[in-house]
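J.: As listed in TrEMBL for this protein:
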{"type": "BINDING", "residues": "18-25, 95-99, 149-152", "note": "GTP binding site"}
{"type": "DOMAIN", "residues": "9-286", "note": "domain 'Tr-type G'"}
Amino acid sequence: MNELAAEVARRRTFAIISHPDAGKTTLTEKLLLYSGAIQLAGAVRAKKAGRATTSDWMEMERERGISVTTSVMSFEYPHPELPPDAPPVQVNLLDTPGHADFGEDTYRVLTAVDAALMVIDGAKGVEERTEKLIEICRLRDTPVVTFINKLDRECLDPLELMSDVEKKLGMTCCPLTWPIGMGKRFKGVYDLMHNRLHLFQAQGHDKIQQGILVEGLHDPRLDELLGDQVDELRQAAELLGEASAPLDHAAFLAGKQTPLLFGSAMNNFGVRELLEAYIRLAPGPLAREAITGPAAATAPAPGEPVPTRRVAPTEEAFSGFVFKIQANMDPNHRDRMAFLRVCSGVFERGMRAHHCRLGREVGLGNATMFMARDREIVEAAYAGDIIGLPNHGTIKIGDTFTAGEQLRFTGIPSFAPELFRRVLLKSPLKAKALAKGLQQLAEEGAIQVFKPLVGSMFIVGAVGQLQLEVMKHRLKSEYDVDADYESVEYTTARWITPKPTTKSKIEVQKMLEGFQQKNQGNLAHDSHGDLAYLAPNKWNLAKVEERFPDLRFSSTREHT
Ligand code: G4P
C-alpha cells in the first residue's frame, strides 16, 4: 500500500445523530474520553458554556437549551484488530444540530460523512426526529451503527427496542452486545461477537469503565457474577440466535442492517465497545460522485447530458467540497469558516487550489482541524478529513476545490422553505447593511433569501421557525440592522428550470418569458440568481404546474 492509500485506509468519518436528549452530547464526551483526547468528561459541555458567555448568538442557544451549530472533532484511536504499534485510526466525528428546525444543516453534514452513529434513548425508543434523520441517511444509503443509551434507567424491553428500530427505521438489527437487566438491575452487557461478559460497575462518571471480562456463556463464573439474572441472559442469547440476523457486512454498508449496541453513556458504559465496533465495521472514506468539465461551473443547458465520474479517495490529485459555513467561531475575530471535506489526494498547508465555481486558482490560507483539545493548523489532510478554511466571502456551500480539474461534487441541496417573511427596514440608511447581512447568511445556508421580480423588498425563507429567530438576532447583533418581519402569503417555493425538450433554445426562452410575464407577482430570484416560484398554497402550485408542463418545479435546489 502506498502512503496515500495507507492514510486513507486509517480514516473513519461519521456523524452522530439523535433525537434531542437521547444522550448525543454525553456520548461525544465519552468517546473523546476514551480516545484520551480529553482528560475529563464534561469538557465538551464546558467548552459550550465558555463560548456561550462570549457570544450573544451562543447565548441564545444556551437560553433555549438547544444546539444550533454543528461541530467537528477529530481524534486518534488504536485499531482494535491491529498490533499496538500500527498507526492509529483517525476518527473524524461530526455533531449535528439537535433541533428539527436545522434539519437542512444536518442534511449537509450527512453528505460529508461515510457513516452515522445513531443514539436512542432506551426508555423512549425511536423518536420522531430520529425517524427524519434516518430518512435522510437512506437517501444516500449511509451505514448506521445504533447505540441504545440509558440502560441504567428503566428502559423498554430490548427485543421491543429492536422491533421498534426495524419497524420505524426500516433496517434489520444485528445486536453485537446484549444488556443484562436494566435500571437498578442493570448488570452489564454480554458481547455477542467476542462471547464475553462486560460487567457494569458503578464508578465515578469521569473514569473509564474497564469492567470485568469472563469467557463464554457457560463459564460458571457467570452464575457467580450474575446470580439469578444468568438464566435471563442465557435465554435471551438463545432467543437471539434464532430471532436476529447474523451480521451481514454488505447489508450494513448498504444501510439495510444496523449493528446494535447497548450501554449508558453517562456511566461510560458500552462506549468503548461501540467505538471499537464502529472502527471495525464502518467504511473508510468512500468514492464520491462529481460532475466534470464545464458543466461543473454552470448549470448545464436543459436536456444536455451532464458528464459525471466517481472520484476515488486514493486519487493523487487533491479534491474536496464545502458543506458548511459557520460564522462566529471565534467571537474575537468575526470570522466565517468554511468546512471542507477532503475527497481525494492530499491537502497541504499553504497550498493553492482550483476554485471550480470561480474557475481560478486561489490560496486556501491556513486550514484548521479541530482536534478535541483545540484547533490546530493542518499540515496535511487526506480523504475523509474535515478542515476549516478561513472564508472572506469567496466560498459558498457546495463549492468544490481541486488541483486543477473542473469538478463539482453533487448531492448538496437546499430545501424549499416553508416559512416566509418580508423584511421591512426601519431605517433606509441600513439598506446596504441588510443586503450584505442577508447575502452572508444565505451563503452560510442559515437562511434563504429571495428578491421578488416586482418590488424592492427582500423575502426571507426558512425551513424552521428557529432559523428565522437566529437570522433576526444576527442581523441585529452583527450587522446592526433593525427590521420588521411581515408575514407573507407564501407557503412554499419551487425552483424553476425548463424540462429537457426537443424545442429550440429560442422557443424555450420564449416559453420562459411568457411564464415570467404571467406570474410576475409570485416570482423571485434566490441569492444565486436562480428563478423561484413562491406559491401561496399547494392548490395554486398544482395549477401553475399544470399550465406550464414544459417547466420543472423543483422542491430542492443543488448548490452550483
Ligand atoms: P443530547 O445531546 O442528545 O440532547 O443529550 P445529552 O447528552 O445532553 O443528554 C440528555 C440528558 O440525558 C442529560 O441529562 C444527560 O445527563 C442524560 N444522560 C445521558 N446519558 C445518560 C445515561 O446513560 N443514563 C442516564 N440516566 N442519563 C443519561 P440532563 O439532566 O438533561 O443534563 P445534565 O444535568 O445531566 O447535564
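Cβ atoms are placed via backbone N, Cα and C, with glycine included.
Where the annotation comes from TrEMBL, it is an automatic prediction and has not been curated.
Keep in mind the model is a prediction, meaning the values are calculated, not measured.
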J.: If you count Cβ atoms within 10 Å of the Cβ of Lys24 (GTP binding site), leaving out that atom itself, what do you get?
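T.: Excluding its own Cβ, Lys24 (GTP binding site) sees 23 Cβ atoms within 10 Å.
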J.: Tell me, how many other CB atoms lie within 10 A of the CB of Ser18 (GTP binding site), whichever protein chain they belong to?
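T.: Excluding its own Cβ, the number within 10 Å is 23.
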J.: Please list, in sequence order, those binding-site residues from Ser18, Asp21, Lys24, Thr96, Leu151 with the Cβ less than 6 Å from ligand 1.
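T.: Once distances to ligand 1 are taken from each Cβ, Ser18, Asp21, Lys24 fall under 6 Å.
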J.: Find, for the listed binding-site residues Asp21, Thr96, Leu151, the residue with the lowest Cβ contact count at a 10 Å cut-off, counting only other Cβ atoms.
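T.: Result for the binding-site residues Asp21, Thr96, Leu151: minimum number of other Cβ atoms within 10 Å at Asp21.
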J.: Secondary structure at Thr96 (GTP binding site) (DSSP, helix/strand/coil)?
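T.: Thr96 (GTP binding site) sits in coil per DSSP, no helix or strand.
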